[in-house]
Every structure is written in structure tokens, then in C-alpha cells.
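Participant: Right, I'll just put the structure down here and ask away after.
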């Protein structure tokens, strides 16, 4: 009988061992997740992974072994490890040809430095501690992102007439793991195509395992093309799996189909420079365009209908015909026909259009380039024109509209009626086609005068000597000559006011005599003369101003004489009678007569006495009595 304490130890032994199988990526820390059974570990191709198998609990000694279980269930011993105290001693026994080989680290983990396709296996870890043992299985799954998606469209021309599905394109996804999925798109919308062959469309798929162990997928799209697919955009998309349930997508470049479909409709029109109503100008080069909606392009036959018969003009593949320098005789019915033998019997393959050549001949006036009429007369001028469509006529003078129609009526003409008259012909339906013709009207008559009355510069009246500029303007035909009653007038020049006016000016000074007589301006031509006299009214004299000026001069002169007299009086020394009225040469009674010592020079005496010759014998010849 087994001892009680032995049975207790046997019951506790299975609980002392728990296995943890963990997957992580190198380099870097590795995640740990304890598992008591099988586990799924996912890794990307080329990344490192370490499988961890650890006995949890307090043990002084345990051993672990790694096995590779193949698809038949046979286990192949890979490596083993043993815990001795605090150290794990491990050894790889068989790498089964793997390069690089399996490794065991210091913790007894099975290390795969670069995950490969062949590593997708079941790995079994067995742990023995004492008499008890347990094991766990890990399934390693490897993912590989496929290469860029490649699409190979059909380079041929696909016919929409055929009633079966045709190969559209092949889509390739190479070297992925696991096998990806391929989806076809038309104009961005997925095509839900069956795998079974049918007339409308289907797809086929083929998986290839490469020598590397990776897998490639080839998908081919078959479709019955329609005419609407001519401008459609096609592409394929590869969806592949990633670890932790993630997915990726790789789209191919877009491509278009080359389709063959018969012509159903034909368009034919007259190109530039035609108008909306189909008119073209005579002399222009005109293009005729023909377009069928079939593909590929077929032959276009251009013709002109004459007496219900087709006169073929040109045949080409471009659908263009140029008529150089069209003339009015080329107006008529033109057409285009498409030669498409695949078209349906009820298809309209021919169209016609009217070519209308607009022309406008030079205008003719009932008068010459110049028309001369006498003042006050009346006349009518006719403007005739030939053109198609019927042109509209209008009259203008100096860009001012006068009226519409072929006839211009002029009545009671004046000098203002003179000028250039223009007849303009235009076509509203052909805007660029127009012509003009003009004539110049000359109005004969005696001159008309228009003097400019001058105004005083200050006040209401003119002053003697004030300058004035007289201007005299005249018009008439022939152009009048201007003359003045005084010399100095400027030559006649065209006036700023226009309308045939000429003007002359005369500058002079106003005088009383000029005011009384006046200044006359005369305009003359072969039909007569016209005169105007300028008057200035009363002219104020300038005497008051002259008297004031004379008085000012006299006062100035008097003051100057007084200053000179005072100067000479001060020069007379010792003479108390200076500036007094007395008898020449004799002192006044009661005053002593001056005596002079003999030692004084005669020159000094003479100077003091004011004698010009040295004495007083000359009487009035000195300054003695003068002030």
C-alpha cells in the first residue's frame, strides 16, 4: 500500500507544471502569453520569432524538449534543454536542413532568426519535472506581402458585334502568402463575375506555388464588350492577409479597351468661319466636317448634290474637307457618306447640309466723291448695293446716325450741313461682312462772321493805352479771307470750333481816337463779303495819374536842393551873415571888420573868404554872400 504522503505528492505534482508558449519578434522585447494548450503564432516573412516554453513554479530541476510535428503526425526531435540550478543548458539536435538553423537561447526558447515559408509547422514543447510531464503545441503561421499587382490587357481590337465573352485582361499577384484574392473593377465599381463560363462574362483563377514556397495567383477576366465600354476604365485589385486579422490592398494601373463597333449615326456640319445660320463669306476658306460614331474609323465620302446627282469631291479617313476661297457660285447642298459594311441595315450613314455663300458688292452713290450745293438748297442722294443675304443700309455723318434705307434727303442746307456723309451696308446674319461708301458735301455761300467782343480787363470801361486782343471768325465756301482796317492782323487759321470756321486776331492799344473810329474786320469770298466793326465806348484818360507823378518828382527835387544849401552854409566858418540877405562885400553896420595877420598865407585867406582867386576883389565871384 502506498504511503499517504506519497499519494499526496503524486496528486500535487500535475499542478506544479504549467507551460507557456509565447511568440515575439526580434529585435526588441517579446510579448509573453501563457497557454495551456495549442496556440496560433503569426509572423511576417523574414522577421525573427522565438517560441517560449517555461515551467512555472519553484523547481530545482526540469527538462524540456522541442519537436517538429509534420503533417502525417510524426514528431522530429529538434532540441532539448535542462535546468541545473539557476542555469539552463540547451542543445540543438537536428535543424532538418533549415538555413539558418534553429537556435536555443539561455532561457530554453526555440529561436527562428528569419521566418520562412517552410516554418509554417506545428511545434511541440514537452516539459518534464520529476515524474510528471506535460506538453503543448504551437502552430506557426507565416505571412508574405505579394509583389506589385501586374495587369496585362488584351492589346487587340474587341468587337461588340460578337455574341460571346472575350478575354479582357489577365491580373497577376506574385509571391504572397497565404494566397490573396483578386477583384476586377470597371469605372471604380467591382465586377461580380462568376467562375462558370457564360456568354456575358466570367473569370478564371489559377494558383501557383513558387519554388520559394510562396504562392502566386493569376486571374483572367472574360467579358462581352458593349459600345459603352469604349471609354470605360478597368483595373484589378489584390487583397492579401496580414497578422492579427489585418488586410492589405494593391491596385493595378488602369487600362482601356480598344473596341470595334459599327457606325450607327453620322454628323455633318459646316465649320469655321460659318455663322449660326450656315452663311460663309465669299473668299473665305471653309471646312466641312463629317463624323461617324463607329470604331475604328472608316472611309468618309464627301459629295455635292447637283440636279439630284452626287458629285464626289473627296474620300478620306479623317472626315475633313476644306474648300479654299469659296465663291457665290459654290452655294448649294453638300453631304457626307460613311462606308461601314458592319452597320445595321436601318442605320443612317449619310447626312447633308446647305452651304450658303454670302457676298456684298461695292456700294454705288448717285453722286460723286464731292457734292457742292448753294446755301439753302435741297437734294437727295441714293445708295445702291448688291448682296446676299439682303444687306441693311444706314447713313451717318461724323458717326452720328441720320437714318436707314438707300435714300438720304437733305433740305434747306446750311453751313452746318457741310461734311462727310457715309453709306454703310451690313448683314446682321453675317457680322463680319460690311462695306461703306462716302461723299463730301460742300456748301457754297457768302461768309458768316462771328466776332468775339472783347471786355475791359478792369471795371466797366476801357482806359487809354490798355492792350486788347480782337478775334474775328468766319466761315463760308470758298473759304473766306479775313482782313483788318489796321495792320498787324494774324493770318487766318482753322478755328477750334471746327465746322469750316477760320479765325484771325489783332492785338493793339486802346485810344480815344480808336474808340471813335472803331476797328473793322472783313470776311470775303467769291459770293460776297461781311464786315464787323469793334467799338470800345468811352475811354478814360490817364491825366490824373500823370499829375500825381509830376508832383511827386517836384517835391523830391525841392528837398534835394534844401539839403545841398544846408551843406554849403555849414562850410562857411566864422560868417554869421551866412544865408542872410545883405550888400555884397561890406559887413553890416556895427560889426568890426576882420583883420588878418601877416603871417597867414594868401591861399588860406582866400579860402576863408571864399574867393576863387585868393581875395574878395572879384566881388560876386566868391561864396561870401551866397547861401
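Cβ coordinates come from backbone N, Cα and C, glycine included.
TrEMBL lists these features:
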type: COMPBIAS; residues: 608-627; note: compositional bias 'Gly residues'
type: DOMAIN; residues: 27-141; note: domain 'Ig-like'
type: DOMAIN; residues: 146-256; note: domain 'Ig-like'
type: DOMAIN; residues: 273-356; note: domain 'Ig-like'
type: DOMAIN; residues: 362-440; note: domain 'Ig-like'
type: DOMAIN; residues: 447-525; note: domain 'Ig-like'
type: REGION; residues: 578-627; note: region 'Disordered'
type: SIGNAL; residues: 1-31; note: signal peptide
type: TRANSMEM; residues: 546-568; note: transmembrane segment
Participant: Based on DSSP, tally up the residues of the domain 'Ig-like' (447-525) by helix, strand and coil.
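Facilitator: For the domain 'Ig-like' (447-525), the helix, strand and coil counts are 6 helix, 40 strand, 33 coil.
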Participant: What is the three-state DSSP composition of the domain 'Ig-like' (362-440), stated as helix, strand and coil residue counts?
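Facilitator: Tallying H, G and I as helix, E and B as strand, the rest coil: 3 helix, 50 strand, 26 coil.
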Participant: Take the domain 'Ig-like' (273-356) and count its residues per DSSP category (helix H/G/I, strand E/B, coil), listing them in that order.
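Facilitator: For the domain 'Ig-like' (273-356), the helix, strand and coil counts are 3 helix, 46 strand, 35 coil.
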Participant: Per DSSP, how many helix, strand and coil residues does the domain 'Ig-like' (146-256) have?
Facilitator: 8 helix, 60 strand, 43 coil
Participant: How many of the residues that make up the domain 'Ig-like' (27-141) does DSSP mark as helix, as strand and as coil?
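Facilitator: Computed counts for the domain 'Ig-like' (27-141) are 3 helix, 61 strand, 51 coil.
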